[in-house]
Every structure is written in structure tokens, then in C-alpha cells.
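Here's the structure we're looking at; comments come further down.
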């Protein structure tokens, strides 16, 4: 028993910061500071089981300086002062604290403790010794004197707890007996409450029956989470009656807090039950209203959603899935996380046009042809293919026709052709841009497991259209990419395949949707980037660039009226003659389409709009009356003065007023106005002539995604070591063509040597540099072979190439000229640049039928089978190389 412990006169003191050890309580502490380690070694480790130490509560200096003087309670030594001494901060129940001297407020009462368990450890790599000690509180003591002993402190103490004879005498007190019974009853009630939540209170019941009440009070209070002040108050309660009263108060308070927590829990559970009850009542109320036929506008949204889903015309398998999801939604509360996503999903299913389709008008091919002609000028072959497509649809409306893919440079009318198809069929038009799309989910949608998931663009477009048979344009299909998120082009394989798109499965929908009724039309600038499996599902229709004559007709019939309408003008205010439009086409725009032409015309319209808005018209009223100007009227209104009405003579009729306004406001575009508004001409007809001023320069024809273009090739020679240098941001194929051209020229140096030159090795002591101007533009392809040979021959022979001649064609090492693609675009580019002669491979003769006769009539097309034929046509007076032997 703790009461039988002999307390020595002096004890080593272990400071216990902001905590209290009560008699009968057991704590585990870790000693790391030098003072506490020294104390444990000398007072406990060396004395083993006989060792005793004093645990004395201490308060931080900050709290002490705040004026908190601790009361010693109602026990003995109540008049003792709490000593303040400088000690080393050795916090035994925490990790290491700073080794510095600070003022600590010691409490004047503590508890003697013995070690139930003691273990020693060494920290690595510092080698510092630490102790883990399990202490049991034995009895209270009072500090009489505090003194230092090395690194730790000792105190002269006197016992405060009663001895065994004194306890036996005190237990006979009726008041103490009553307090003891009251405390045990409250403690037993607390244990009964805790038994419902914890299964480890059996040992507490045993303590309640075996341990004396005065010790039981300390043990119970030590297990509660109470403040430091209340712990000190319990420590200072030496008198048994006071101790039991305080313990009973703390146990009762703890019991009340548990009851309040239980009450709150029951209330929350009751509220949940109430919400479930309200849900059932609402369901019953809805059923009653349906029986009575008293459905008002206040019924819940879920019922509205269900009726909407029933009227959507879903297939049986889709309705089964949707109905299962709807039942799941009914069981959820709106506050649940998945409620919103489930509802959005069901609303999408209800909004999709499962059975709703556009009512097609009866096809009239003549009306469709007239519409195409009114919207698009030229493009005869393309419009004929569209008419054929519509004719098949007229004869067999459910025919699975091919997917049309319009390929051509920007601004030639690919998108407007697709909208014309929709207008001719009487169907809705949906445009989906695929430019820059890299995520497969843009086509197939996201799976619903992801946050922020949404359907793909196809399903979203059908929802927006509201019908299941629109004309859907997949724009810029050649500009899709691929990365770790998937390949959209591969996902389009299912969409554009008539055998597969009947059961298109969007990841978000997770049910099949029939896309077979949708008419898909695609557009692209180039065919090469489109994957071959995807290209195989489409019929490619090429839209070449417009000729200058076609551009002129388009501008006069379509662009100018459109521009004038967009800027609030009419032909009464602005007139652009045909010859001025021709100048804009030739000198300010050289493109395959008409977008830049429209921008230039819009610039002229804006300049005219400024003049019309600023112009102040003067209308003569009569010969005697002074004119009324709008500026005078505006000035008077601005000054706020009164305006007297002036009567216009009847001799001035409306026709004269209109003629007066028209005569003063019409603006006719001329060359000075063009240069003032659009700036100096960007292109010049003399450009080719001016650039071909020296030998070694040749004009080639190339194809780009924006149509055909003219490409100059420049070659020069200099002293060196026989090296070939190529510049102009060239690709591997065009570099190989340059080496091939040089090899052919060197191989023919003996048989076809330049006139006046006797050497065989053309590269002896010299380097060759070939440059393709516009170095910032990447260039590649094999069609520059004949151009490179002609440029090298011109450089070695020092004879200039004809300025009115351009060429294209691939060559072989034996000197054959192979056919190339993009002939129509290349010839049109030469026509735009004013080039009159074009050298083409002989095997490209078949491609000339696609070129308008108006263009061919003004140009000379020269066909070449071998390189010698090209050289014969490229130079004035024939080839500068004299053939010695026939290959």
C-alpha cells in the first residue's frame, strides 16, 4: 500500500511541466535532458527498487509572470510561498528542450513516485543516453527547502497524506461516509454508461470494489482530461472530504458531458429518420394526387424527368438501362454526391433524339443545282458530284452513301458546300471542328467515373440539333493529333463506317446510339495527314484554287454585295469597278481562295463608311432660300437653343432630294484610293523577270496546303573543296533531289559538256551553294528535281533561264522525268504570277483536263519526257549543252 511507504527527508525532484501526477496514477515519460537523465541514473537506476523521486509540477515563466499565484488548497501548509528559482529547463515528459536557464514557477506540493519500469537507450550517432520511465504516484508531500545537487535539484520534503491510524479514525466520520457512498454511486453510473461504448471497463469495476475511496478519487480524476488548474486543485486537496467533494464534482461533470453527447447523437439520428419519413409521405401524397387527378405544377422534378424520358422514344434496351438509373435516382437524396451527376445523365438521355428526325422535303435537283450555282461560282466538277449524290438520295432515301471529304486550300468554299447539301435536303446542319483535337474523349466522351465527365462532340451535336438525321460537318479532319489520351482519328473509324455506326457507343452514354441516319461530310486542307484507314472510308473531292477570272466573277456577284451589306452601305454610296477588282486580285492577293480578297474589299468598304458617316450633305431648297446644313442643325441642338421650323418649298420633290444626296455621296474606287487604303501593291507582274537577272536562277512550281505556289531556286559557285551546301529549311527528300541533280550533271559533264568549257570535273576547286528563298518556310518533296538540274546547268553554262518559264517534275538518275501531283494548283499558281510557259512531265498530260480552258488558252504547256527536253525548252535558243553522244 502507498500509505506504508517510508518517505525519506530529501527527494530528488523531477519537474513536471504544466502537468500533475496524482497518487495512484501511472504515467510513462521519456527523459532526454542532461538534468533529468542524471536524476534518473542516481536516484532510480543505481538504487533499483528502493529508489524514490519527487514529481513536482512547474509552470512556465510566461504564465508565472502573468500573475497566476497557485493556491495550496485547504490542506496543511497553506501559508507556504511558492518558491521561484532558476533551473535548467528539463521537460521530462516531452522531447529535448532548449538547454538554457530560465525562471520556472515551482509548485510547493508534489507527489512521491517509484519506478515500475525503467529502460535505458543510446541515441545514434550522437551517443546521448536517454531513459524511459514508468512512474506510479504514491503520496503527497510538501516542499520545505529546494537546493541544487549537480545538474538536478533535491528538496527537503514533509509528508501530507494521513497515516494508516489517522485514516482509520477519519473513516468513522459520518460526513465522509456519506461522501464516499455518493462518489461510488456516481462512479458506478459513469462506468455503466461507458460499458455501452467500451469493453475495457471491467477492471475499473474491480478497482471500485477493492481500492479505498480516498485513493479511488485520485485515480478517477487522473483519467479525465481536465485543466492544469483543476489538477493542481486536486493535488492541493489534502483533506479527504475536500478531495472527495472535488472528485465527485469532476465525475458528475464528465458524466453529464457524455449524456449531452449521446443526446446530440440521438437528435441527429432522429433528424435522419425524419427525412426518410418525409420522403415516404411525399411518395404517398403523389400517389394520392394521381388517383384524384389533382396533379399541379408543384410535383417533383423527378416525375417530370420520368415523363420526359417516356416520351423520348428510347429503344427497349436503352429504356431498361435508363429506368434502372431512374430508380436509383429516386432512392437518393439531393444532398448526396452522386445525385447531380445521375440527374444530368438522365436528362441527356431524355434530350437525345432517339426517334425524332427532320422531315425531308421532296428533292428537286434543278432547284438544288440553281442553289449551288447561286452560292458557289465555278467548281463544276464538285457541284456535279453533289448533284449525283442528291439524285441517289432521291431515288433511295435510306441509301448508305459515301462520306464526302472536300479537300482544298482555305477559302475555296468547303464548309459552305456542306451547308448547301443540308439546305437542299431540308435537314439541320451541325458543324464540329476537329482542328487540334488530341483526346479520344472528344469523339467518344468521358467515362462517367471521372469528375467533370461529359459526352463526346458527336452526341452533344445531336442533342443541340434535336434530330437524329442532320448533316454533320467534321471540319479540319486532317488536323487531329494523338497523344497519351488516345487517337481521335482512330475513334472516327467507327463513326464514319456505315456498318459500325448503327451501334455507336459513347463512353458517357454507355448505351448504343444509331448514327446511320446522319449524313457526314468532312473537310481537309491536305490528304497526307489523314490516316489511310480513315481515308479509305471517305470519297475525296478536291477543290482546287480559283482562277483570276473566277475570282473576279465571285467578287462581283457575291463578295461585293456581301461586304456592302455588312458595312451598312449600298451601291449608291460605294462602287468598285471590275478593273479595280482585277488590280486587287493581281497585285494585293495571290491565294487559292478568296478570303484575302474579301478582306481587301472590306477595307475599301470601311474607308467608304468613314467618308459617308462624316460627309455633310447640303440640299438646295430653292434659289432664294439659303441651304440648311446638317452641321448647323447639329450645332443648334448641341447649344440647346430653340429651333424654328423652316418650310421646304413644294418645288423640291423627293426625287430631286434623292438625286442630290446620290450625286454628293457616291464613291467610286480608283487606283489612288486603292493605294491609299490598301497601301503599295504587294505583288508585281515584273517580279519573276526581276529575279531572273543572273544565271543559276530558276522558277519552280510547288504545292502547299494553301494551294499552288511559285518557288525560286538559286545556285551559285565559289572557290572551295567540291562541297554542296543547301539552305532554305529543306527536308530530306528535297536534299536528296539536290544531290541527285548534281550527280546527273557531273555524270553528263563528259558527254554533255558546257560550251567553251574543257574540264571534266565540274567541282574541282569549287563549292556549290543552292538556296531556296523564304528560308523561314519548311520545304520538302521530290517535284523540284528538274528545277534543280536546270538551275545547275544555268550556273555552269552562265546562261540565264527564260523569265516566262516555270517547271515541275521529279527526275531519276538516268534522266527520266516522272509525274508529280497537284498539277492544277501549280498551273493556276503560275497563271497568277503571270508566267506564260510551264514545263510539265509528259505523263501529267491527263491532268490538264481539270484546268479551265480560259487558263490554258493564255499559257503554253510544254511536256518533257527526259531532262534534255526540259533543258531544251527552258533556255532561249535551246539547251546550252551540246550533246556529243546519245545516251
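Glycine is no exception: its Cβ is also placed from the backbone N, Cα and C atoms.
As written in TrEMBL, here are the features:
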type	residues	note
DOMAIN	11-255	domain 'Lon N-terminal'
BINDING	408, 409, 410, 411, 412, 413, 414, 415	ATP binding site
DOMAIN	692-877	domain 'Lon proteolytic'
ACT_SITE	783	active site
ACT_SITE	826	active site
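What TrEMBL annotates, mapped onto the structure for a quick look.
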residue : record           : Cβ contacts under 8 Å, 6 or more apart
408     : ATP binding site : 414, 525, 542, 543, 544, 545, 592, 707
410     : ATP binding site : 525, 592, 593, 595, 706
411     : ATP binding site : 591, 592, 593, 594, 595, 596
412     : ATP binding site : 379, 543, 544, 545, 546, 592, 593, 594
413     : ATP binding site : 376, 379, 543, 593
415     : ATP binding site : 431, 473, 475, 523
783     : active site      : 700, 701, 702, 703, 808, 809, 810, 820, 821
826     : active site      : 701, 702, 703, 708, 808, 838
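Here the domain 'Lon proteolytic' (692-877) returns a mean pLDDT of 84 for the predicted model. The 10 Å shell around the Cβ of residue 409 (ATP binding site) contains 23 further Cβ atoms across the protein chains shown.
When other Cβ atoms within 10 Å of the Cβ of residue 414 (ATP binding site) are tallied across all protein chains shown, the result is 25.
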